[in-house]
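Visitor: I am attaching a structure below and will ask some questions about it afterwards.
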Amino acid sequence: MGVSSNRVEDFSSHHETSVRMSPESAEAVMVVAMPPVEIHRVCLPPSKTTFQKLRQRLSEIFFPDDPLHRFKNQSSFTKLVLALQFFFPIFHWAPTYSLALLRSDIISGLTIASLAIPQGISYAKLANLPPIIGLYSSFVPPLIYSILGSSRHLAVGPVSIASLVMGTMLNNAVSCSADPILYLKLAFTATFFAGWGFIIDFLSKATLVGFMAGAAVIVSLQQLKGLLGIAHFTTKMQIVPVLTSVFQQRHEWSWQTIVMGFSFLAFLLITRQISMRRPKLFWVSAAAPLTSVILSTILVFLLKSKLHGISIVRTTNLAYKFPDIGHLPKGLNPPSSNMLYFHGSYLAVAIKTGIITGILSLTEGIAVGRTFAALRNYQVDGNKEMMAIGFMNMAGSCSSCYVTTGSFSRSAVNYNAGAQTAVSNIIMASTVLVTLLFLMPLFHYTPNVILAAIIITAVIGLIDYEAAYKLWKVDKLDCFACLCSFFGVLFISVPLGLAIAVGVSVFKVLLHVTRPNTMVLGNIPGTQIYQNPSRYREAMKVPSFLILAVESPIYFANSTYIQERILRWVREEEEQIQANNGNALKCVILDMTAVTAIDTSGIDAICELRKMLEKRSLQFVLANPAGNVMEKLHQSKILDSFGLNGLYLAVGEAVADISSLWKAQP
């Protein structure tokens, strides 16, 4: 496939590089000293069968980190041990576990349990589920994650965003108050399908920033029902109906509830600020929710004869009765596999809710895990996290749990408390178990207003205005996706707002694919480097050459655009040469370094472009095609039409060789 056989041309001995200056200046001509250029062959990649190509491609797509490389050249017993460590990371760190590590994990586990218990009750309420479901979800999933997860600091349990999305989407289809049995069935079924949320992931960082901020605002406004003591409140999740309901029900406002609610809300926000400014005092904000629950419960119990306006979490709310599973006991999670809803008119709702909440939980869990892994210089395996989060949700759906993932607030507390391994999740789950077995009656007089205050404090940290400002500075289209997500959640609905933002993100990807970047290249004097003159002012255009680069694969979606854009570059170059009385354009070189792939439509576009340029007496040359691109060009026989001087390994070699041929012509 060579273009010449290792010819060496003295570029500096016979070639002068002219530089087109501003219109006010005459054309300046300077001699650029260049080293001899050796013309190399452009080789095809090693021959492989179709099966070998497919196997390699699938391996790169699904296993980019080659997880099986440690199994090579190992004995059968070693492979068995490595397999256990791969599928169950607990076997990797358990053999070296020590009492010193256990002490740190016990402290961190008890600390996050003090946060997980009140948050579990609050988030279940946010999902329109019995509060005890939130505690169930803080027991089984952390145990599963401690065996399957690869993060040392991820604290697993219910989270506000997934709870909000589930509550909103399911309540739009089935009223949690009119048919609580069906609602709970759909919640468990959605949790089962959330375990498959790893299949698709179209949530960019910009989308999540806007979505979480919008959801945080909606969640906070929804908690005005509890903070103000309103009994009849809208079930809608848009900002206008929520605010309308707040002011239309002014006659239901309870001054006792308002005083207690805003007092504890101020306490929680102050402790949060203290821990943010002084990370060593992490325990202040970690203990604040449980402290608030205890103090408010005691206060309501002592003044129950005088505080009639404050609604409380009664035991009837903590234990629903369902004919399918009997009475939900105050103890270990009862099985719920027989409540999974795999047929009927609401199955589509459950699947859609599960997939969306699954995507959210997976995205948040992996992001949080990698954040704290980077601080301790270890790696979180994305594949293992997918399996761990997916399996714990599928198993959780069979044990009376709803969607769970890694919580940023609890993980931050876990990290600051000195957690060393996933044993901290086991300690937290054990503490929740003790609560389920013995302490449930103590929550009888817990006021609903304190749960609202805890939720507001938790979600207010999701409003990341600094990230939004950074998006504006770095990428305006990303910022637009962020704003679409934010306002879509506020004014339309949570799922539609998310769908709009995903649509904008997908549009951005399609825009980059269908309208790739193309540029003109110039030579940096004294080198074989060719760069964009708009970036590097010292880069100079080579007379009689138009050197272009395409920064994307050439597919059916962009082949026509690339063809038209190159012809436009040619037309503009010829017009500029004519205006400046420069050297006539003779050759167009297409640098294919960044063209990572090409399909049949792209090959046809290249062929048609060559014919169009030949009609204009212009030579068309390809430089540095990638291995798979070169292989497809060879198989399509298009290279035969380019001839010996139509394909080069580098732009510099193409310029030197073609220039020497022009000089050799009489």
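Backbone N, Cα and C define each Cβ position, glycine as well.
What TrEMBL records for this protein is below:
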COMPBIAS  7-18  compositional bias 'Basic and acidic residues'
DOMAIN    535-658  domain 'STAS'
REGION    1-22  region 'Disordered'
TRANSMEM  77-94  transmembrane segment
TRANSMEM  154-174  transmembrane segment
TRANSMEM  181-199  transmembrane segment
TRANSMEM  253-270  transmembrane segment
TRANSMEM  282-303  transmembrane segment
TRANSMEM  340-362  transmembrane segment
TRANSMEM  422-443  transmembrane segment
TRANSMEM  449-468  transmembrane segment
TRANSMEM  480-507  transmembrane segment
Visitor: Within the same chain, where does the transmembrane segment (282-303) have neighbours whose Cβ lies under 8 angstroms from its own Cβ atoms, ignoring anything closer than 6 residues to its ends? I mean 6 or more beyond.
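Guide: Residues 111-112, 114-115, 117-119, 260, 264, 267-268, 271-272, 274-276, 310, 312, 412-413, 416-417, 442-443, 445-447, 449-450, 453-454, 457 contact the transmembrane segment (282-303) from elsewhere in the chain.
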Visitor: Looking at the stretches 154-174, 253-270, 480-507, which one shares the most CB pairs under 8 Å with the transmembrane segment (449-468)?
Guide: 253-270
Visitor: Please indicate, using numbers and ranges, the residues of the same chain that are 6 or more beyond the transmembrane segment (77-94) and have a C-beta under 8 Å from a C-beta there.
Guide: 67, 70-71, 146-150, 381, 384, 387, 421-422
Visitor: For the transmembrane segment (154-174), could you work out the same-chain residues 6 or more beyond its ends whose Cβ comes under 8 Å from its Cβ atoms?
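Guide: Residues packing against the transmembrane segment (154-174) from afar: 112, 116, 119-120, 123-124, 126-129, 134, 137-138, 141-142, 145, 182-183, 186-187, 190, 194, 211-212, 215-216, 218-219, 235, 237, 346, 349-350, 352-353, 356-357, 360-361, 364-365, 368-369, 372, 392, 402-407, 410-411, 413-414, 422, 424-425, 428, 455, 458-459, 462, 493-495, 498.
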Visitor: Rank 181-199, 253-270, 422-443, 480-507 by Cβ pairs under 8 Å to the transmembrane segment (340-362) and hand me the top one.
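Guide: Stretch with maximum Cβ contacts: 181-199.
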Visitor: According to DSSP, how is the domain 'STAS' (535-658) divided among helix, strand and coil residues?
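Guide: So the domain 'STAS' (535-658) is made up of 59 helix, 21 strand, 44 coil.
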Visitor: How does the model score the domain 'STAS' (535-658) in terms of mean pLDDT?
Guide: 90
Visitor: Report, as numbers and ranges, which residues of the same chain sit near the transmembrane segment (422-443): CB under 8 Å and 6 or more residues beyond its ends.
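Guide: That would be 89-90, 97, 101-102, 105-106, 108-110, 112-113, 116-117, 120-121, 131-132, 135-136, 138-140, 142-143, 145-147, 149, 151-157, 293, 297, 313, 315, 318, 330-332, 414.
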